[in-house]
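Here is what TrEMBL says about this protein:
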type    : residues                                               : note
DOMAIN  : 10-210                                                 : domain 'YjeF N-terminal'
BINDING : 58-62, 124-130, ASP153, ALA251, GLY305, HIS350, ASP418 : (6S)-NADPHX binding site
BINDING : ASN59, ASP120, SER156                                  : K(+) binding site
DOMAIN  : 216-474                                                : domain 'YjeF C-terminal'
BINDING : LYS387, GLY388, SER389, THR390, THR391, GLY417         : AMP binding site
Amino acid sequence: MRTAYSVETVRTAERVLMARLPEGALMQRAAAGLAAACADLLGRVYGSRVVLLVGSGDNGGDALYAGARLARRGAGVTAVLLTPERAHAGGLAALRRAGGSVAAAGAGEGLVAGADLVVDGIVGIGGKGGLRAEAVPLAEAARRSRAAVVAVDLPSGVDADTGQVHGAAVRADLTVTFGTHKPGLLIDPAREYAGSVRLVDIGLELPDGAVLEALQHADVARLLPVPAVESDKYRRGVVGIAAGSARYPGAAVLAVSGALRGGAGAVRYVGPAGDAVIARFPETLVSDRGPKRAGRVQAWVVGPGAGDDAGPVAEVLAADVPVLVDADGLRLADPGAVRRRTAPTLMTPHAGEAAALLGVSREEVEGARLAAVRELAGRYGAAVLLKGSTTLVAGRDGGTVRVNATGTSWLATAGSGDVLSGLVGSLLAAGLSAVDAGSAGAYLHGLAGRFAADGAPVGAHDVADAIPGAWRDVRGVG
Ligand SMILES: NC(=O)C1=CN([C@@H]2O[C@H](COP(=O)(O)OP(=O)(O)OC[C@H]3O[C@@H](n4cnc5c(N)ncnc54)[C@H](O)[C@@H]3O)[C@@H](O)[C@H]2O)[C@@H](O)CC1
Ligand SMILES: Nc1ncnc2c1ncn2[C@@H]1O[C@H](COP(=O)(O)OP(=O)(O)O)[C@@H](O)[C@H]1O
Ligand SMILES: [K+]
């Protein structure tokens, strides 16, 4: 499990550790890790041109000490000081002792343009708001230049705790972060500014209560239901899919395609697209009698391609089994009925649907995904999986939010959300909790998207076909 902690928690852990260590030891650990990452990126340190962008806090101190290490290995290192009178004194002295220099006033942009490597030590976890005006031209010069850009702890200008970006921010190729990931490094839009992320262990001891956690292969492998010797189809779980309409039969087919690959023992389809479903997947149990009279299921998926018929949504919400509500179902569901449910409920909106439910703009949701997913979970008393470039899953009772790291923008193709809803519904029927089903399903779906696409466009049905390969990859079999 990869975790991300709030700035406040990092600060507390840092204080505890600093009290036990000689002064400056923590910054030296950070600088050593940073310099090593820079050296890896440069390949050849000797003779390279390194420019440090140095702000007024310890983030700048890290950059200066790392710069000193690179200078000792033969790099030409120049520091551009944003507020010369407040630059980290110890770091500056170390850089000078190692043969590095300080840029003349006004020379920064030119130096950045000619650099091999730019180290962004403008601001770290002490930052508030976007970059200040004096730093903006330097960030722009770094973006224009051919230099590799390494952000210290996080790209300057992004919000460490939320992933929001207010105004200008540095765009990095690599972010070297200390002690723990910060939430902003894992959530768009900030995540995109971070490039790849390298975590340097500086010995921080972190308590329970991460803001975010990202499942990895081993975590998902533990969650996935695998039939035991004595399993039968009913013990494995039956998932009911109430989806599709005369206008959108494809949504039903795609949701069923995901459900068949999700680990339930049987898939029951209820709705007007039975013929299309059977034609493609003859193993489906099809009924046109409505969810209430369709027979026993261990979990329902309702909503994909449902059109305007609120009846099945209400019937499904009245069932005392886990329910996944997606797409049209989100609009048709009575919020009171969702809140009154005692069995688990998982809502799976994309940003536009989340915006409609919250009464805000899509841009607002996309700019502040963590706040949006928590707000929805709180309002509906339900688990919420917010889809998009960053997929987040929040539980109904708050706490740590899951973030999915496997997605790919090739998944932005019509119907891939329907596949996800079937897949996750199947995991619910197999007995996973709403948060586990949502996050394990998003993980497999993202991986399947990568495998199916492999660098080329795919349709949603290709993603469904790639799900078994994702399972095998996660379980380390085949
Ligand atoms: N917390 C930890 O455990 C460790 C922290 N270290 C470093 O220390 C950093 C935190 O240092 P500080 O607390 O001194 O804070 P920062 O260096 O992140 O920033 C504080 C300074 O930046 C200025 N500033 C704030 N917002 C700004 C903006 N939007 N644009 C430009 N300037 C802005 C402020 O005036 C303040 O002087 C971390 O990010 C990390 O790089 C490491 O040295 C080692 C361990
Ligand atoms: N830019 C992106 N990067 C990664 N995943 C994405 C991106 N855009 C969409 N996705 C994923 O693709 C799927 C699309 O679902 P959805 O928006 O409901 O589409 P549809 O309604 O057409 O099925 C979701 O799993 C979502 O997380
Ligand atoms: K930084």
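Glycine residues also receive a Cβ, built from the backbone N, Cα and C atoms like all the rest.
Distribution of TrEMBL features across the structure.
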residue	record	DSSP (3 states)
ASN59	K(+) binding site	helix
ILE125	(6S)-NADPHX binding site	coil
SER156	K(+) binding site	coil
HIS350	(6S)-NADPHX binding site	coil
LYS387	AMP binding site	coil
GLY417	AMP binding site	helix
Margin query: I need the CA-to-CA distance for THR391 (AMP binding site) versus ILE125 ((6S)-NADPHX binding site), whole Å please.
Written below: 24
Notebook entry, point to check: Which binding-site residues of ASN59, ASP120, LYS128, SER156, HIS350, THR390 contact ligand 3 in the sense of C-beta under 6 Å?
Noted result: ASN59, ASP120, SER156
Next item on the list: Using a 10 Å cut-off, grab the number of neighbouring Cβ atoms around the Cβ of ASP120 (K(+) binding site), all chains included.
Entry: 32
Next item on the list: Starting from each candidate's C-beta and looking 10 angstroms out, tell me which of the binding-site residues GLY61, GLY388 has the most other C-beta atoms.
Entry: GLY61
Check: Out of LYS128, HIS350, LYS387, which of the binding-site residues is least crowded by other Cβ atoms within 10 Å?
Finding: LYS128
Checklist line | C-alpha spacing of ASP120 (K(+) binding site) relative to ASP58 ((6S)-NADPHX binding site), in angstrom | finding: 12
Check: Under a criterion of Cβ-Cβ distance under 8 Å and sequence separation of at least 6, what residues of the same chain contact SER156 (K(+) binding site)?
Finding: LEU53, GLY55, ASN59, ASP120, GLY121, ILE122, VAL123, GLY124, GLY127, LEU131, ALA135, ALA139, ALA169, VAL170
Item checked: Other CB atoms within 10 A, centred on ASP153 ((6S)-NADPHX binding site) -> 28
Notebook entry, point to check: Relative to ligand 2, which of the binding-site residues ASP58, HIS350, LYS387, GLY388, SER389, GLY417 have a Cβ found under 6 Å from one of its atoms?
Noted result: HIS350, LYS387, GLY388, SER389, GLY417
Item checked: Cα-Cα distance, maximum over LYS387, GLY388, SER389, THR390, THR391, GLY417, record's AMP binders, Å -> 14
Notebook entry, point to check: If you draw a 10 Å sphere on the Cβ of ILE125 ((6S)-NADPHX binding site), how many other Cβ atoms land inside?
Noted result: 22
Next item on the list: Would you mind checking how many other C-beta atoms are within 10 angstroms of the C-beta on GLY417 (AMP binding site)?
Entry: 25
Note to self: To the nearest Å, how far is the Cα of SER389 (AMP binding site) from the Cα of HIS350 ((6S)-NADPHX binding site)?
What the structure shows: 10
Check: Among the binding-site residues GLY61, ILE125, ASP153, whose Cα is within 10 A of the Cα of LYS387 (AMP binding site)?
Finding: none
Next item on the list: Given the binding-site residues GLY388, THR390, GLY417, state which is nearest to GLY61 ((6S)-NADPHX binding site) when distance is taken between Cα atoms.
Entry: THR390
